[in-house]
Structure formats: C-alpha cells, structure tokens
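**Q** Okay, handing you the structure first.
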2 protein chains.
Amino acid sequence: MCFTPRHFSWILFMFLLTLQRVAPGGEAGVWPMPRKMSEGSERYALHPQGFSFRYGRDSSAQLGCSVLDAAFRRYFALCFPENTKIFNDDFNIVSFVIVMLCGTCKPKCLFLLILQRYSGLESFSQLIYQDDSNTYYINKTEIEDFPRFQYRGILLDTSRHFLPVRTILKTLDVMAYNKFNVLHWHVVDDPSFPYQSQSFPDLSNKGAFHPQSHVYTQADIRKMVSHARLRGIRIIPEFDSPGHTQSWGKGQPGLLTPCYKGLHPSGTFGPVNPTLSTNYNFMGRLLKEVSTLFPDPYIHLGGDEVDFSCWKSNPDVRMFMKKMGFGTDYGKLGSLYFKNMMNIIETLNKTSVVWQDVFDYHSSPKSLDVVEVWKAGCYMCEVRRVTAAGVRVILASPWYLDQVLIYFCAGSGTEHQKRLLIGGEVCLWGEYVDGTNLAPLLWPRASAAAERLWSDEAQTSSVSQAYPRLAAFRCKLLRRGVQAQPLFVGHCKHEYEDL
Amino acid sequence: MCFTPRHFSWILFMFLLTLQRVAPGGEAGVWPMPRKMSEGSERYALHPQGFSFRYGRDSSAQLGCSVLDAAFRRYFALCFPENTKIFNDDFNIVSFVIVMLCGTCKPKCLFLLILQRYSGLESFSQLIYQDDSNTYYINKTEIEDFPRFQYRGILLDTSRHFLPVRTILKTLDVMAYNKFNVLHWHVVDDPSFPYQSQSFPDLSNKGAFHPQSHVYTQADIRKMVSHARLRGIRIIPEFDSPGHTQSWGKGQPGLLTPCYKGLHPSGTFGPVNPTLSTNYNFMGRLLKEVSTLFPDPYIHLGGDEVDFSCWKSNPDVRMFMKKMGFGTDYGKLGSLYFKNMMNIIETLNKTSVVWQDVFDYHSSPKSLDVVEVWKAGCYMCEVRRVTAAGVRVILASPWYLDQVLIYFCAGSGTEHQKRLLIGGEVCLWGEYVDGTNLAPLLWPRASAAAERLWSDEAQTSSVSQAYPRLAAFRCKLLRRGVQAQPLFVGHCKHEYEDL
C-alpha cells in the first residue's frame with residue numbers, strides 16, 4: 001500500500017534499532033521534539049557505501065512505491081551529506097512499513113520500524129551524527145511520536161513581492177524538515193496578481209508585476225503541488241476577496257466597486273462589487289479553475305480588512321442595500337457576499353477558510369467552515385468565541401513573524417472546543433520579504449512554532465531546554481544548505497557558505 | 001602611472017560621452033548620488049561584442065597597469081551581465097586617465113574621461129541599462145563627483161559569529177559598488193579569537209570556536225587585504241582591549257586580571273591586567289605582527305565598555321593604583337593602559353583609533369589620534385567635544401544596523417571642527433549575524449548610509465526622492481547576484497534567485 005496524506009490523523013511511529021554496538025556518545029536530538037524518545041548510549045557506525053534503505057518483508061509498501069522510493073533516495077543524501085550528490089527526486093510517506101537498514105557492519109542489520117510517514121525518515125536522519133573522523137553514527141533510539149495539531153502551516157505572500165518558484169520549492173523542503181504540513185499560499189493581493197489564469201488571462205497580463213517573468217503558470221503550480229504532496233504537505237490557495245483586490249481590477253473591468261466622491265465617481269475602486277451577479281459568475285469560474293489545480297479540500301477565501309467606505313459611497317450599492325432591507329448594516333452586505341462565495345465553494349466540494357473578520361461581521365457565523373484568527377490582543381478570546389459557535393479554528397496571531405514570537409497557551413474552553421482548534425500557522429507577509437531574505441527570516445524562527453504545533457506542550461515548556469536543541473537543529477539546516485540565521489552568539493561545525 | 005589609494009583626496013571625475021546618437025529614454029540614476037550629473041535624452045547603443053575599455057593616448061596609466069587592467073575585465077562583466085562570464089580577476093583605480101570606449105556603432109567612439117578612480121567605473125556601469133529587447137544603452141551623461149567624507153566604513157564582527165572568508169570577499173565587492181572605502185574589521189572579542197597568530201598560535205588554538213575551521217590564517221588575511229586594495233578599500237583591523245578580551249585569556253595565561261570575591265580569586269577574569277609589563281610586551285609583539293599583515297596606517301585599539309569592577313576587586317591592582325598615586329580613579333589606570341598602547345602603535349608608525357569611551361575616561365584626551373563615536377543619545381554633542389579637543393572623529397552612532405536608521409546632521413562647530421569629522425561607518429555587530437543573513441541585513445540598508453557619506457547633503461535630503469533611486473540601485477545589486485533585501489512592496493526586472 002502506498003498512499004499520500006490528504007487528511008490527518010494522530011500518528012504513531014517508532015524506531016527500533018538493534019545493531020552492532022560500537023561505542024557510546026551521541027549528540028543529536030530531534031526537532032520538533034517527539035512525544036517519547038529514549039536515546040541509549042550505545043552507538044552504531046553507519047557506512048554510506050554499504051548503507052541502504054530497504055522495504056521489510058512485512059511492509060505494506062514495496063519497491064515500486066514511487067513516493068517512498070524517492071524518499072529513500074532523498075533521505076540517503078540528507079543522512080550522509082558528505083557522501084552523496086543531491087537527489088532531485090521526490091519522496092515521502094511511509095505507511096505501516098518496516099524498513100530494514102544494513103550497513104557494512106554486518107552480520108547484524110538495523111531494523112527501522114516506521115508506523116507512519118515522512119516524519120519517521122526526518123527524525124531518523126536527524127539522529128545521525130559524525131565524529132571528528134567524519135564517521136557517521138546513530139545511537140540506539142526508541143521513538144514514539146504523533147503531532148499535537150493536525151494543521152501546521154506557513155503562510156507565504158506572493159503578491160507584495162514575487163517569490164521565484166525555486167524559492168517556494170526550497171521552502172517546501174525545509175517545511176518537511178520541520179514537520180510543517182500546510183503551505184497557505186496567499187497568491188494574490190492588492191499589489192499584484194501573479195496567478196496566470198487560463199480562463200481569465202488578463203488578470204495576470206494586466207495585474208502581475210510583469211506578465212511573463214512575474215507569474216505562476218499552471219505548470220509551475222502543478223510542479224509545486226506535486227513537490228509538496230511528496231513531502232506530506234498540502235497547499236491551500238488563498239484568493240482573498242472582496243477586499244485586497246486592487247490588482248484584480250486591472251484585468252477584470254466591472255469587478256471592483258467604483259468609489260464616489262459626492263455625486264461623481266472618484267476614479268478609485270474599492271472591494272469587489274457584491275451587487276452584481278456577473279461578479280459571482282466570474283468568481284465561480286475562477287475558483288473552479290483554481291480548485292482543479294489545487295487538489296487540497298480547503299480553499300482560503302480571505303475576507304479580511306474589508307473597507308466599507310467605498311461601498312457606502314456608491315449610489316448603486318446603496319440602492320441595493322435598500323432593496324435588500326439591509327438598512328445601513330454593511331456587514332449584512334459582506335455576509336451576502338460570503339454566502340454566495342460559500343455556495344460556490346460548496347458546489348466545488350471544497351471546504352472554505354476565512355479570516356476572523358468574516359466571523360465578526362457575518363450574520364450567521366455558525367455557517368462558516370474554518371476561521372483563521374490573526375489579530376493580536378486577546379486572540380484566545382476570539383478562538384473561544386469561534387469554537388463556541390462550533391466552528392473550526394486555525395490560529396495565526398502568535399506567529400506573525402514581523403512581531404515578537406510568543407508561545408501561546410492553547411486549549412481553553414470545553415473539550416469539544418479544544419478539538420475545534422485544529423492548528424496554527426506562521427505568517428510571513430510580503431511587504432519586506434522576497435527571495436533574497438525569505439530563508440533567514442523564516443528559519444529557524446518558524447521552527448520554534450513548528451515545535452509548538454507538533455510536540456507535547458508540557459514537555460516543551462522550557463525555553464532554556466529548547467535552546468540548545470534548536471541551535472543544533474539550526475546547524476543541521478545549515479548542513480542541508482538552508483540559509484537559517486543564527487539564534488545568538490555561537491558557531492556550527494559546518495557554517496553556511498554561499499558558494 | 002598606476003597607484004593605489006592609501007590616503008584620500010577630494011576627487012573629481014567626469015564622463016564626457018560623445019557617441020552616435022540612437023534614441024532618447026534612459027532609466028538609471030547613480031547611487032550614491034554624484035555631486036553634479038546631467039543626463040541627456042540621447043541614448044547610445046552599446047554592443048558587448050564590440051565594446052572594450054581602452055587606455056587613452058593621454059592616459060597616465062597604460063596597458064600593464066594590472067590594477068586597472070583587472071578593473072576593466074571586472075567592469076565589463078558588470079556592465080553587460082548577460083554577455084559575460086564572471087571575471088574573478090581584481091581591478092581598480094583610475095588616476096587621471098582617459099579611457100576610450102568603442103562600440104560596434106562606429107565610426108564614432110565613446111570617450112570616457114575619468115579624473116579619478118574606481119568610482120568612475122562604478123558610476124559608468126550603473127548608467128548602462130537594457131531595453132525590452134535586451135540591447136544595452138547609455139545616455140549622454142556628464143558627471144562631476146567627489147566624496148563628502150574621506151572615511152566611509154563598514155564594521156564587521158567576526159568574533160560573535162565566524163564569517164567565512166568568501167562572505168567577507170563578497171562584502172568587499174558590494175562595498176565597492178556603494179563607494180564604501182573602509183572595512184573596519186572587529187576581528188576578536190569575548191566569544192572567540194579567530195585571528196591565527198604566528199607568534200602566539202595558542203590564541204586561536206584555544207580561543208577560536210574551532211582551531212582549524214573557524215580561524216583566519218595569515219594567507220586568508222593577505223587575500224582579503226589584496227582583494228580590498230584592488231577595490232579601493234582599506235582594511236582597518238580592530239584588536240579591542242583591555243575589555244572584550246575573554247577569548248584572549250584562554251591562550252595567553254596571565255593576560256587577564258583575576259577577579260576577586262573578598263579575599264580570594266573568584267575564578268573569573270576581567271579586562272587585560274594593566275599592571276604587568278609582560279602584557280605590554282605581548283601586546284607589542286602581537287600588534288607588530290598585525291601591523292605587518294595589514295598595510296593600512298590605522299589600527300583600531302577598541303577601548304569600549306571597560307568594566308572597572310574586576311580591577312577594583314584585585315588586591316595587586318589596588319596596590320599598583322596606590323603606588324602610582326591614582327587614588328580610586330580607575331580612569332587613570334585606563335589612561336595609563338592606553339598611553340602604553342599608543343606608544344606601541346607609535347613605534348609601529350601607525351595611527352590609532354579608539355572608541356569614544358577612551359576619550360571620556362582618558363586623562364589627556366587631546367593626545368588621541370582618532371575617536372569613534374558610537375553611543376546613542378546626543379552623539380553630535382560628543383562629536384563636538386572630541387573635535388573641540390582637536391581630535392579627529394569617525395561617527396558610527398546613527399548607523400548601528402540593529403537600530404532604526406536615521407540621517408544625521410553633520411558639521412556643527414567651527415570649520416576646523418567640521419574638518420575633523422572625517423567620516424562615519426555602518427556597524428553590523430555579530431550577535432545575530434553570520435554568513436546566512438549578512439547580505440540581506442547589510443544591503444541596501446548600508447547603501448543609505450553610503451549616500452550620506454558620499455553625496456552632497458543638500459542634494460540628498462529628500463527621502464521620497466531617494467527612494468526610487470535606491471530601489472533601482474537595489475535591483476542592480478540583485479542583477480549582480482547580491483542578496484539585497486527589498487525596501488518595500490514592488491519588483492525588479494531580474495529578481496534574485498538562489499540557484
């Protein structure tokens with residue numbers, strides 16, 4: 001059996017290493033911290049020339065499972081950085097398989113029992129270390145692990161700056177090292193529209209920074225989705241509306257609301273015009289295309305920071321409000337917009353995510369699927385309000401990387417409410433971020449959040465205990481070529497060098 | 001004549017471009033802004049295949065001037081990024097030469113009159129642009145230029161994190177693009193001692209993060225000095241003492257003052273012990289070696305943040321104070337230390353730079369050569385105090401890159417005092433900086449300081465006018481492979497891509 005992870009489950013995996021004993025003395029540590037891990041002092045030499053990952057006889061997956069075959073090639077390179085070329089093949093997901101590892105140190109073999117997926121290989125690779133003579137070792141280790149939250153995300157913003165495809169692919173690699181499993185892709189926004197639509201090519205022809213060099217083609221997106229899938233990562237696209245849509249207006253006349261100054265149009269435009277059925281037709285066709293490209297069951301509809309003032313200024317909108325009996329409550333107009341949008345999403349058999357703003361102005365907030373809480377202040381109050389309405393929550397507030405990182409205290413409310421908090425995500429907004437600085441801004445700061453989202457809260461509450469482990473993990477990232485910035489004064493055995 | 005810049009002069013250079021006219025429409029702009037620049041609308045096509053830098057007949061430098069020959073090769077690559085391999089050769093310094101440029105667009109030729117050095121080639125290279133068909137153009141341009149300050153520096157700290165040699169060499173390249181001309185190298189400090197001394201190998205054997213991989217050999221340093229020289233950059237080494245020397249103590253027993261707790265040594269150590277003549281002998285030998293490796297006339301002696309409490313705790317130091325009649329004024333002990341250090345520097349025929357702390361505690365501050373002002377607050381008050389004493393000043397306070405960048409208002413005091421403010425520098429301290437994030441942290445933020453240090457103050461006082469020019473310069477840096485982070489939302493024609 002060879003499958004790809006679409007839905008999430010609480011997962012258990014375990015290493016059982018029984019190997020020829022060599023000598024004591026490991027370093028290592030695994031980031032994020034596993035639920036249970038006992039590392040013995042017996043260490044075993046691993047010889048890259050004679051080492052291989054093999055499928056166990058009882059393994060449900062066998063040779064020919066392309067996802068896993070590729071994972072073995074990739075993790076071979078990650079385990080033995082000095083002895084391997086980089087394999088560009090894809091990899092991932094081990095499901096109830098036994099993997100057998102044999103070194104040259106026969107006759108005994110290393111048995112790796114993995115009761116779940118990529119995280120097993122990742123943790124295994126982090127346990128391997130080198131002594132001063134560069135011999136590779138692993139200590140006898142037993143691990144039992146599963147994630148705290150099913151949703152462990154990172155938001156990237158490709159509208160304020162264009163991120164090269166290669167930068168995004170590399171970020172997906174490092175996400176897998178950190179056991180992140182969701183890329184929330186904030187594709188478009190006011191400054192630019194880099195998504196190249198087949199149905200509406202003018203959106204990027206006129207709305208991207210550049211219609212050829214600063215767009216994501218459908219082929220680019222398929223490549224990203226595939227790259228992510230093989231690493232156990234979902235990509236959730238966000239097409240934020242009705243606000244944050246200035247760039248859309250260039251290629252889709254009539255979409256945005258003309259703002260008025262007194263009796264005359266001011267020449268500027270506001271949010272999507274919610275009074276026109278043509279706009280819902282357009283949205284339906286665009287999102288249908290998007291939902292085909294992105295297999296993930298979630299689509300993020302945005303909905304944050306809708307400025308009602310332009311709607312208020314427009315006489316047609318005011319007339320519509322009157323006709324609908326909305327009075328002067330423009331939240332009702334926003335609700336209507338989202339009801340229509342969610343109908344579209346429903347016909348596409350998808351689940352919608354919206355920013356917390358929609359929950360706050362929506363007239364029937366209980367009808368929402370998933371709400372993402374992003375505002376600072378008492379964000380756990382907002383989480384409780386949303387879960388009390390029986391709606392699932394993704395929490396982003398504590399992990400806006402332009403702010404100071406704080407640890408959040410999860411799970412207040414009833415047990416049912418706690419279960420509705422499905423996870424959280426790190427938001428790297430794009431005002432000051434592009435391919436030049438994304439990696440050092442993201443890593444290892446997002447790694448701290450990765451542990452909050454994966455590991456047991458009680459076991460990881462001490463920052464002073466986490467520090468050396470995170471510093472060691474950051475050195476491992478350097479060894480893998482990731483431009484992860486330092487935590488503080490210190491050094492790694494292998495420093496980053498831009499060659 | 002072919003010389004290298006050691007001392008600085010107010011410099012004039014000028015382009016006179018008289019070429020076959022093609023069509024109007026340049027973009028460009030030069031960063032830092034030249035004193036006078038008039039760009040015409042006539043543009044001229046440049047064809048890389050037929051383009052070359054040549055020495056004019058009246059040029060004082062001619063073929064065989066290796067510095068300039070290499071500069072031509074390097075700047076050819078920088079002018080035509082798509083048509084060239086990177087030349088790794090060195091380059092630089094044009095002195096009263098006429099350089100003739102001939103494109104394929106004969107019969108007319110392009111004459112470039114450069115009345116001074118690297119800045120000429122740099123400005124010239126920044127004026128070249130490409131149209132949509134990737135043809136290179138330059139507009140008819142006249143430039144007259146000279147720097148505002150003779151000292152335009154960047155401080156790098158290799159003690160808190162080790163910076164790979166390659167990172168420093170690349171930084172020197174980008175410094176030249178920005179017309180910075182001093183690398184203030186804060187080599188050693190408390191956390192590590194990466195300078196590999198021939199006379200005292202134990203200093204790095206015991207004081208570096210790692211005795212082999214985290215040291216600068218004498219060969220490394222010669223390479224850096226040569227690389228810098230060819231780009232018109234001085235390297236001023238700083239061996240900060242008597243404080244900030246914890247890492248020195250590991251390889252040089254007896255150097256640091258044993259701190260006492262009551263009647264007994266506490267086991268910790270304080271600043272260099274200023275009471276022992278053996279320590280001055282050691283410093284003399286070390287600095288002699290350093291002064292041979294670094295040809296620059298300046299050596300930075302540090303002197304900041306000396307904590308007197310350890311000296312106060314030590315009975316031998318107290319007895320020495322009594323003997324010298326210093327009472328309880330430990331500033332006098334600091335003065336004595338610096339008098340001895342400056343005697344050493346004098347015998348080496350060097351000029352010493354110290355941090356402002358020394359000026360503040362020194363009993364005869366007028367005897368100092370150059371003082372670097374680094375503390376926040378009313379730093380111009382400190383500048384005035386130092387220049388009033390007839391001492392030269394380097395100003396760093398406004399450009400600590402861990403703080404918000406501010407523009408400083410230079411030149412208060414008498415004309416003589418203004419002349420004593422010889423320049424300023426950007427300080428990139430190493431607590432949170434290593435090879436992973438140095439480039440995006442430094443560029444283009446340091447470029448803003450570069451303009452303050454080079455350009456006319458009155459012409460560059462508008463931030464809104466500087467913004468688009470700096471954004472364009474940052475795009476040029478990307479094109480040259482520099483990982484310069486974005487200023488704000490936007491895009492470059494050629495985005496940075498980590499390949």
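Note that the numbers count up from 1, one per residue, in the order the chain is shown.
Placed from the backbone N, Cα and C atoms, the Cβ positions cover glycine too.
The following feature annotations were taken from TrEMBL:
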- B:1-28: signal peptide (SIGNAL)
- B:Cys65-B:Cys105: disulfide bond (DISULFID)
- B:149-403: domain 'Glycoside hydrolase family 20 catalytic' (DOMAIN)
- B:Cys259-B:Cys310: disulfide bond (DISULFID)
- B:Glu305: active site, proton donor (ACT_SITE)
- B:414-456: domain 'Glycoside hydrolase family 20 catalytic' (DOMAIN)
- B:Cys475-B:Cys492: disulfide bond (DISULFID)
**Q** Just to be sure I understand the packing, how many Cβ atoms besides its own are within 10 Å of the Cβ of B:Cys475 (disulfide bond)?
**A** 20
**Q** Taking the Cβ of B:Cys259 (disulfide bond) as the centre, count every other Cβ atom within 10 Å, in any protein chain shown.
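**A** A 10 Å sphere around the Cβ of B:Cys259 (disulfide bond) contains 19 other Cβ atoms.
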**Q** May I have the DSSP-based helix, strand and coil counts for the residues of the domain 'Glycoside hydrolase family 20 catalytic' (B:414-456)?
**A** 21 helix, 8 strand, 14 coil
**Q** Within a 10 Å radius around the Cβ, which one of these disulfide-bonded residues has the most neighbouring Cβ atoms: B:Cys65, B:Cys310, B:Cys492?
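**A** Answer returned by the neighbour count: B:Cys492.
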**Q** Compute the average pLDDT of the predicted model within the domain 'Glycoside hydrolase family 20 catalytic' (B:149-403).
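**A** Per the prediction, mean pLDDT sits at 96 for the domain 'Glycoside hydrolase family 20 catalytic' (B:149-403).
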**Q** Of all the disulfide-bonded residues given, namely B:Cys65, B:Cys259, B:Cys310, which is spatially nearest to B:Cys475 (disulfide bond) at the Cα level?
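**A** Closest by Cα distance to B:Cys475 (disulfide bond) among the disulfide-bonded residues B:Cys65, B:Cys259, B:Cys310: B:Cys65.
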**Q** Compared by Cα position, which of the recorded positions B:Cys259, B:Glu305, B:Cys310, B:Cys492 is the closest one to B:Cys65 (disulfide bond)?
**A** B:Cys492
**Q** If one measures from the C-alpha of B:Cys259 (disulfide bond) to the C-alpha of the residue listed as 'active site, proton donor', what distance in angstrom results, rounded to a whole number?
**A** 17
**Q** So what sits near the residue listed as 'active site, proton donor' in its own chain, CB-to-CB under 8 Å and at least six residues off in sequence?
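**A** When sequence neighbours closer than 6 are ignored, the residue listed as 'active site, proton donor' has B:Gly243, B:His244, B:Asp357 within Cβ distance under 8 Å.
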**Q** Return one of helix, strand or coil for B:Cys475 (disulfide bond), based on DSSP.
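**A** Assignment for B:Cys475 (disulfide bond) reads helix.
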**Q** On the three-state reduction of DSSP, what should I expect for B:Cys310 (disulfide bond)?
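**A** The three-state answer is helix.
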**Q** Can you tell me the CA-to-CA distance separating B:Cys492 (disulfide bond) and B:Cys310 (disulfide bond), as a whole number of Å?
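**A** Per the Cα atoms, B:Cys492 (disulfide bond) and B:Cys310 (disulfide bond) stand 54 Å apart.
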**Q** Going by DSSP, is B:Cys492 (disulfide bond) part of a helix, a strand, or coil?
**A** coil
